[in-house]
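Below: one structure, written as structure tokens.
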Amino acid sequence: MYHGMNPSNGDGFLEQQQQQQPQSPQRLLAVILWFQLALCFGPAQLTGGFDDLQACADPGIPENGFRTPSGGVFFEGSVARFHCQDGFKLKGATKRLCLKHFNGTLGWIPSDSSICVQEDCRIPQIEDAEIHNKTYRHGEKLIITCHEGFKIRYPDLHNMVSLCRDDGTWNNLPICQGCLRPLASSNGYVNISEFQTSFPVGTVIYYRCFPGFKLDGSAYLECLHNLIWSSSPPRCLALEVCPLPPMVSHGDFVCHPRPCERYNHGTVVEFYCDPGYSLTSDYKYITCQYGEWFPSYQVYCIKSEQTWPSTHETLLTTWKIVAFTATSVLLVLLLVILARMFQTKFKAHFPPRGPPRSSSSDPDFVVVDGVPVMLPSYDEAVSGGLSALGPGYMASVGQGCPLPVDDQSPPAYPGSGDTDTGPGESETCDSVSGSPELLQSLYSPPRCQESTHPASDNPDTIASTAEEVASTSPGVDIADEIPLMEEDP
């Protein structure tokens, strides 16, 4: 009838034909069975034998669904299974079993019939959105709210509603959309995740290029409220790379910034020479500008006339000089202090001796056993000595030889009867006046007045007189020859 075509479910005529087709063989089988029984038991039992056969009643087919098997006689042990069409779900048991009850009759277990009810629409999975209701039935509208920075967009711009269909599906399902992922340059990178496809309003991204490439365009892009970027994505253009810098004999170069894998635009090279060599020019830098080195000149290192010590050696030499100078100064100060201490101790044991002071008013003293002893001045010593000699002696002071005036005694040695002074007497006078031993006799203990005795009686009279003359002579420094204290014998 349908010429090999599969009719749709729910066709009443087809279901009726399906129910009638399986029943004919079963009835034919029942008739054959009845005739066999009639042959065995006789014609008297033909009527009651067919009526004794028992079967379960037809369980029926649920609306908007179907059953397997769809028709026939359900004897004891038969099973009926139930299914629903799309958009519906089964409410009840999926299968029923024909069994005999305790009273001996047959029935379906479970006894409740299964039905097909309309299915609810499932909650859709929408990224960057929040769905308010948890269940939606046929004909209900979908209610969602997009996250901050995202806006709702429908496939059908003329229909801004999404409804739940009777088959449990949604029509015109919306999405929450932001700015779409911008293109990235193959020679650069952007600060976004590779899995992120949509960006909320206000998002700012930036682009960077790999070394050797220059950014052409805006480095920063912002997602605007109309869900487009503030500008087109930039490009990374290749820069012209400078060749290898010129080589320097007895030197080398370093580049800034380091390391220099490629001499890109803006790279700076600094030249330097080996120890003992120096650059011929004060300028030691060249810069890569659009594939060329600027300034373009050859760098040379020449041998230095004077080799300057290294910084370490210079510091070491400086510290040596400072240490030597400080040590010398400390040593000189120590020697000065020791000399001063020695001079102080020497003066305490040996008072200084020198010419008499010009001023007679300044007193001199020495310290003897911790007790200061006043010394006579030069004038006092001279006046005291002259007063002790007497008036007769003063007349002969101006002459070269001091002789007593009152006493004209003969000489102390025989054969000398001449009263005149000879050459020998003059020499004796000079030797006596210059002898330092005569000065010591001035401070010897006083003796008895022997001036009245004649000079011839005592040979020491001449020496004593000479001593007195020497004490009055201005050419003799009495103060230097006077002992400060008497030494023990």
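Cβ atoms here come from the backbone N, Cα and C positions, even for glycine.
Per Swiss-Prot, the feature region 'Disordered' maps to 1-20 (among others).
As annotated by Swiss-Prot, signal peptide applies to 1-40.
Here Swiss-Prot flags 54-118 as domain 'Sushi 1'.
Cβ neighbours within 10 Å of C56 (disulfide bond), excluding its own Cβ and spanning all shown chains: 22. Secondary structure at C56 (disulfide bond), as computed by DSSP, is strand. The disulfide bond annotation in Swiss-Prot covers C56-C98 (among others) and is backed by sequence analysis.
As annotated by Swiss-Prot, disulfide bond applies to C84-C116 (among others), with the evidence given as sequence analysis. Long-range Cβ proximity for C84 (disulfide bond), meaning a same-chain Cβ under 8 A and a gap of 6 or more residues, is found for P62, N64, G65, L90, C116.
When secondary structure is read from DSSP and collapsed to three states, N103 (N-linked glycosylation site) falls in the coil class. Residues or ranges marked as N-linked glycosylation site in Swiss-Prot (evidence: sequence analysis): N103 (among others).
The domain 'Sushi 2' annotation in Swiss-Prot covers 119-178. Averaged across the domain 'Sushi 2' (119-178), pLDDT in this predicted model comes to 85.
Annotation source Swiss-Prot lists disulfide bond at C121-C164 (among others), citing sequence analysis. C164 (disulfide bond) falls within a strand segment according to DSSP. For C164 (disulfide bond), the number of other Cβ atoms no farther than 10 Å from its own Cβ, over all displayed protein chains, is 21.
The N-linked glycosylation site annotation in Swiss-Prot covers N133 (among others). When secondary structure is read from DSSP and collapsed to three states, N133 (N-linked glycosylation site) falls in the coil class.
DSSP gives C146 (disulfide bond) a strand state. Around the Cβ of C146 (disulfide bond), the same chain contributes D128, A129, E130, I152, C176, each under 8 angstroms and 6 or more positions distant in sequence. Sequence annotations record features per position, and here Swiss-Prot assigns disulfide bond to C146-C176 (among others) based on sequence analysis.
The domain 'Sushi 3' annotation in Swiss-Prot covers 177-238 and rests on sequence analysis.
Residues annotated as disulfide bond in Swiss-Prot, with sequence analysis given as evidence: C179-C223 (among others). The local packing around C179 (disulfide bond), expressed as other Cβ atoms within 10 Å of its Cβ over all shown chains, amounts to 23.
Residue environment of N191 (N-linked glycosylation site) contains 9 other Cβ atoms, counted within 10 Å of its Cβ in all protein chains. Annotation comment: Swiss-Prot describes N191 (among others) as N-linked glycosylation site, evidence class sequence analysis.
DSSP assigns C236 (disulfide bond) to a strand segment in the three-state reduction. In sequence order, S185, S186, N187, G188, Y207, C209, F210, F213, K214, L215, D216 constitute the residues six or more apart from C236 (disulfide bond) in its chain with CB-CB distances below 8 Å. Residues or ranges marked as disulfide bond by Swiss-Prot: C209-C236 (among others).
Under the heading domain 'Sushi 4', Swiss-Prot lists 240-303.
Counting only same-chain residues six or more apart in sequence, the Cβ atoms lying under 8 angstroms from the Cβ of C288 (disulfide bond) belong to V241, C242, Y263, N264, H265, G266, T267, V268, V269, F294. Per Swiss-Prot, the feature disulfide bond maps to C242-C288 (among others).
The C-beta environment of C223 (disulfide bond), restricted to residues of the same chain at least 6 apart in sequence and closer than 8 Å, consists of G149, G178, C179, F199, P200, V201, G202, T203, V204, W229, S230.
For the transmembrane segment (319-339), no residue of the chain approaches it from at least six positions outside its boundaries, judged by C-beta separation under 8 angstroms. Note on the disulfide-bonded residues C121, C301: the fewest other CB atoms within 10 A surround the CB of C301. Closest in space to N133 (N-linked glycosylation site), of the recorded positions given as C56, C98, N103, C164, N191, is C164, taking the CA atom of each residue. N103 (N-linked glycosylation site) sits 81 Å from N191 (N-linked glycosylation site), taking the C-alpha atoms as the reference points. Cβ neighbour counts within 10 Å, taken over all protein chains shown, single out N133 as the most crowded of the glycosylation sites N103, N133. When the recorded positions C56, C98, C164, N191 are ranked by how far their Cα is from the Cα of C273 (disulfide bond), N191 comes first.
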